């Protein structure tokens, strides 16, 4: 018997995920309104955990208030204070590499798998860790906000496994399997699932996905 989520997601495509990302994801819309250097966006993504507010609101505030690395220090102290010492240490670890990424942003946009590995190495983490792969997603959003054309996410990069996705299935291998069966990269699957409860007047296939997720 076919997995019900796979059956529903087979009705979608990368183009559907692209539509959601460009038109409905408030994190991208915030960066589109106030584009930022990609290194600064990655730095914020690396500390985007244990937030005290919805992620959409956090990124909207970031886009409005942060224009430099020094701004980010002040911002995290005020708006992202949980585990503050750990987050400040993560910023310090990343800081020496921010210019390297900025100078090579086009290379990394063409080779997001390489950026995935580079971030994991410098942060001493696994390439599948949630903050690492989420940073890739936000890096791509930052590039699009700067005017670069859309590039699909690579199939090799994992989905950011947060509590909502863990309710469906906590095993990353399951999500790679879903990706393979639906021909949608994991980060684009995240885009289809993550904002689904905030979309009104849903087309039928989105409504089916929302109904399935609501009943879990």
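Cβ atoms are placed via backbone N, Cα and C, with glycine included.
As given in Swiss-Prot:
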type     : residues                       : note
BINDING  : 27, 48, 59, 134, 160, 190, 194 : 8-oxoguanine binding site
REGION   : 106-170                        : region 'Helix-hairpin-helix'
ACT_SITE : 130                            : active site, schiff-base intermediate with DNA
ACT_SITE : 162                            : active site
Other residues, Cβ within 8 Å of 27, 48, 59, 134, 160, 190, 194 Cβ centroid (8-oxoguanine site): 45, 55, 137, 138
Pairwise CA distance, residue 59 (8-oxoguanine binding site) versus the residue listed as 'active site, schiff-base intermediate with DNA', rounded so that it is a whole Å: 17
Site extent for 8-oxoguanine, whole Å (max Cα pair distance, 27, 48, 59, 134, 160, 190, 194): 17
For the region 'Helix-hairpin-helix' (106-170), the mean pLDDT of the predicted model: 97
Three-state composition of the region 'Helix-hairpin-helix' (106-170), taking helix and strand from DSSP: 38 helix, 0 strand, 27 coil
Count of other CB atoms lying within 10 Å of the CB belonging to the residue listed as 'active site': 14
Recorded positions near the residue listed as 'active site, schiff-base intermediate with DNA' (Cα-Cα within 10 Å), from 27, 160, 162, 190, 194: 160, 162
Pairwise CA distance, residue 27 (8-oxoguanine binding site) versus residue 162 (active site), rounded so that it is a whole Å: 16
Between residue 48 (8-oxoguanine binding site) and the residue listed as 'active site', the C-alpha gap once rounded to whole angstrom: 12
Chain-internal residues, separated by at least six, CB under 8 A from residue 194 (8-oxoguanine binding site): 25, 164
Euclidean distance between Cα atoms of residue 162 (active site) and residue 190 (8-oxoguanine binding site), Å: 10
